[in-house]
Amino acid sequence: MEPNTVPPPSGGRGMTALDREAFTQTITVPALRVPTAVLNKVVKSLKKCSIQRPGVPRVVQDKEESGEFRLVLLDPHRVTTAGSFSEAEAEALRSFSVSDELHQYELKLTYDNLKSEEVLEAVLPQGQDVTSGFSRVGHIAHMNLRDHQLPYKNLIGQVIMDKNPGVTCVVNKTNIIDSTYRNFKMEVLAGEENMVAKVRENGVAYEFDFSRVYWNPRLSTEHQRVVQLTKRGDTVFDVFAGVGPFAIPAARGGANVLANDLNPESYRWLQHNCRLNKVEGRVRSFNLDGRAFIRGPLRQELPALLRGAAGVHMVMNLPALALDFLDAFRGLLRGEPPSGRDPPTVHCYGFSKDDDPSTDVVARASRSLGVPLENRCDVHFVRNVAPNKDMLCVRFTLPEEVLYCSEEQTESSEEPAPKRQKCEEST
Ligand SMILES: C[S@@+](CC[C@H](N)C(=O)[O-])C[C@H]1O[C@@H](n2cnc3c(N)ncnc32)[C@H](O)[C@@H]1O
């Protein structure tokens, strides 16, 4: 980060309740005296080194000169002497006959002219990391503060809200992710207590209570990638559907969807979002455990679907555990006549901390299914969720030998349950 030009507020560091007035101060910035006749051209040429602060003009009246001159204010980090100008900037000044003599301008700054990092750097104890990054979910800014920032949490929340138009609520994760429903416990740091977010992802509107369901704005590309693999008339079984970011766009594209989530709140918002997007006729929703969904509604629909020609997709986005759920497909259609047509496509997510994440997730999927998937699947890297931890998607067609296997085969291929990963991480 650039060195901070902003001294601590009056009263010094350590402010924990935001006092905006305390940031009013005067700083000295370099300036060039420029004839009004060439002002626009000079300002354009000096774009990279002129001052850039919210609410601060780049050009001001020159009190010492007649109306034929203006002062162009420069960034004090970039320009300290006439030698600071780049070759192109110096050439521009020469061509417009503007002197490169630097003048000093006393600039009054208020809280409104400061960037959020500057405010926080001026307030937090010196040398401490002031990183103030957040994810945006509708009107909610969602932070993950470190321990040393906690004494300043409300001030940080207020600053983030002030400096980001549209943010009216700032929350902090108070502990690790809920292991079942994948939602975070959170504390409101500033603004309204309203947790019902309205967002758009890939052109689709969603509404949900962010404190009670799972939503991750970093998955939009992945949602789109998978939805694009489904076609009009296909059937999609979304085993861990959340509030619908696979199910609803797939339905909008003409697929028939069976969407399931164990969290009653996700289920409720999923139904709400189906109505919001007018796809309730194409989405049937369920509030079941994933295994019960596979062995219940999915099992019931599958034989008829496999007699038809349209594609069948199963989406399983519960990366900490979904690979372990694949055993629910073993012998699922036992006793049914094999269809002889293309089997369903499974898109199953997993985390891996292994040095070779692709091999790791394929091995775990194979163990869970009871048949080797090596060379019979595609692995897509989704994103890095933590240092040395990746999220991947294994895609494969569900082998007939899994769906129709006998009881003995199911038992003989059963291996010790794959090691479960702890659900401690943010996804
Ligand atoms: C990582 S989220 C994914 C949600 C959504 N598919 C998405 O991409 O945003 C996993 C979802 O699985 C649900 N879930 C957790 N355990 C489950 C289970 N045993 N059966 C069904 N759903 C479950 C959670 O409530 C959560 O909504």
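Using N, Cα and C of the backbone, Cβ positions are placed for all residues, glycine too.
TrEMBL labels come from automatic prediction, so no person has curated them.
These come from TrEMBL:
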- H223, D261, L262, D289, G290, N317: S-adenosyl-L-methionine binding site (BINDING)
- 416-427: compositional bias 'Basic and acidic residues' (COMPBIAS)
- 134-400: domain 'SAM-dependent methyltransferase TRM5/TYW2-type' (DOMAIN)
- 407-427: region 'Disordered' (REGION)
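DSSP assigns H223 (S-adenosyl-L-methionine binding site) to a helical segment in the three-state reduction. Around the Cβ of D289 (S-adenosyl-L-methionine binding site), the same chain contributes L262, each under 8 angstroms and 6 or more positions distant in sequence. A count of other CB atoms within 10 A of each Cβ picks out D261 as the most crowded of the binding-site residues H223, D261, G290, N317. Taken together, the residues in the domain 'SAM-dependent methyltransferase TRM5/TYW2-type' (134-400) have a mean pLDDT of 94 on the 0 to 100 scale.
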